[in-house]
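The domain 'Major facilitator superfamily (MFS) profile' annotation in TrEMBL covers 52-457. The transmembrane segment annotation in TrEMBL covers 50-70, 90-110, 141-164, 217-237, 275-293, 313-332, 344-360, 366-386, 406-426, 432-452.
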Amino acid sequence: MGDRCAPDTTENGPHMGVIGPAAADPIEHSGIINRESDLGVTTRLYRRRWMIVFLFSSYSLINAYQWIQYAIISNIIMKFYKVEAFAVDWLSMVYMLTYIPFIFPVTWLLDIRGLRVTALIANALNCAGTWIKVASAKPSLFWVTMLGQFMSSFAQVFILGMPSRLASVWFGANEVSTACSIGVFGNQLGIAIGFLVPPILVPNVDDMDELAHHISIMFYISAGMATAILVLVVIVFQEKPEIPPSQAQAQARNMQPDEYSYTASILSLLRNKPFMLLVVSYGLNVGCFYAISTLLNRMIIEHYPGEEVNAGRIGLTIVIAGMAGSLICGIWLDKTKTYKQTTLAVYILSLTGMLAYTFTLNLGHLWVVFVTAGVLGFFMTGYLPLGFEYAVELTYPESEGTSSGLLNCSAQIFGIIFTIAQGKIMDYWGTLAGNIFLCIFLLIGTVVTGFIKSDLRRQKANQQVEVQTVSPAGSLSSVQDYGATSCGSPWQRQS
């Protein structure tokens, strides 16, 4: 369904009963008749959906960049602010800690107020955090930089759970996994830039005034970007399309407000055994990724002294490979709908990549570390959108934001535990023991994933409506004949 086949909205408007400014947007067509209610239930894909998802990816990028910008130059930050390594680790772990108490009120706000309000709050907090950090570029102001990082971490609570919700609200049934991957892609790209840029902008110099100047430049760049993105979100970001993109989303819109209870939704998710197994396995995998990312500088410097820039490049390699993995996995899911098989395979390969990284880190060859880190990143980071989309399938019709929030909450809890535990293990027994510690938990996560019963509820909902549509066949044929065009039927079904 390319944009070149988009029907003229002026011509089609009377047939569809479309009123409102969103109807004037260029659209990609699809629609079906809901025979159960004898009413025409049309689904449409608006070109604007790509602008919305890329804008979300942009502000997710600038927020994720700030998460890792201190950790990848932890030795320099320790020297500048005269603090211990554990204090610098908390500049990353505050992102994880903040998420845990605030995720439930934020997902409630997402359910009640929707995507636009959530996006505005996220960007306002993120922008405030970047400007607070601009004022912290002095050796005595570590507490100010921690305050700024806390503000940015608070913004993250409004961001991490949105990809699956945004994909469901704006994208068709055959696009949701790809759209979710694009949403996650922005976050991963921000982490990649966070690995690459700070070691370049902040060289390891001894002059504190010069070092303060370099750190200040790093803070001003992120503040300027966050401000520009905030302005774009205020002007461009839209709540939802006029017409739903899929039958599952049309059914969700038909739910009456008094039929929905946030507390009941949470309890329903907690009683969903396949989903709770996914919560544990997702937390173990992503928690390992958080620990590796936070402690990467320490790992590399221990075996390759003076290689701060290459430590950042290795982190970049992990995330760039993961971005490719995310997109490939998202496209694969849209094509095959093999959620459990794909998730389990990627989990096993993440464990394999972690083992390879663990036992090659101390060989003394940086190129080997780059290769094994890339393999690890492709599968471990590529797992992120798989978890989101699998959760939505297992929990439909519950809110996507709530299911994603619980996944992320698990990841933050395990991330804090693994980062602290691995850091202490590294202090006493070295990086090899710390990485073996993570391998053990990835093995546990692989076993847990194998026990998940694959109940694809969202897919069943779309298929059920499709079956209702094609019976009786004669009614559907008359509709298709009525709307045929040279580009195909504007009533084309979506499964």
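Positions of Cβ are set from backbone N, Cα and C atoms, glycine also.
If one looks beyond the transmembrane segment (50-70) by at least 6 residues along the same chain, the residues whose Cβ comes under 8 Å of a Cβ in the stretch are 77, 88, 91-92, 95, 119, 122-123, 126, 129-130, 133, 145, 149, 152-153, 155-156, 159, 162-163, 166-167, 170-171, 179, 182-183, 185-191, 193-195, 197-198, 218, 222, 225-226, 229-230, 232-233, 236-238, 293-294, 315.
Across 90-110, 344-360, 366-386, stretch 344-360 shows the highest tally of CB pairs under 8 A with the transmembrane segment (432-452). Here the transmembrane segment (275-293) lies next to the transmembrane segment (366-386) in space: the count of CB pairs under 8 Å, restricted to residues six or more apart, reaches at least 3. Between the transmembrane segment (366-386) and the transmembrane segment (313-332), the number of CB pairs under 8 angstroms, six or more residues apart, is three or more, so the stretches are in contact. In this chain, the transmembrane segment (406-426) lies close to the transmembrane segment (90-110): three or more C-beta pairs between them fall below 8 angstroms, excluding pairs fewer than 6 positions apart. It is 141-164 that, among the stretches 141-164, 217-237, 313-332, forms the most Cβ pairs under 8 Å with the transmembrane segment (90-110). With a threshold of 8 Å between CB atoms, the same-chain residues lying at least 6 positions outside the transmembrane segment (313-332) that come near it are 68, 72, 177-182, 184-185, 188-189, 191-192, 194-196, 292-293, 296, 300, 338, 342, 346, 366, 369-370, 373-386, 389. Cβ atoms under 8 Å from those of the transmembrane segment (141-164) belong to residues 56, 59-60, 63-64, 66-67, 70, 81-83, 87, 90-91, 94-95, 97-99, 102-103, 106-107, 110, 115, 118-119, 121-126, 128-133, 135, 176, 179-180, 183-184, 187, 385, 388-389, 391-392, 400-405, 408 of the same chain, restricted to positions at least 6 beyond its ends.
Confidence in the domain 'Major facilitator superfamily (MFS) profile' (52-457), given as mean pLDDT, stands at 86.
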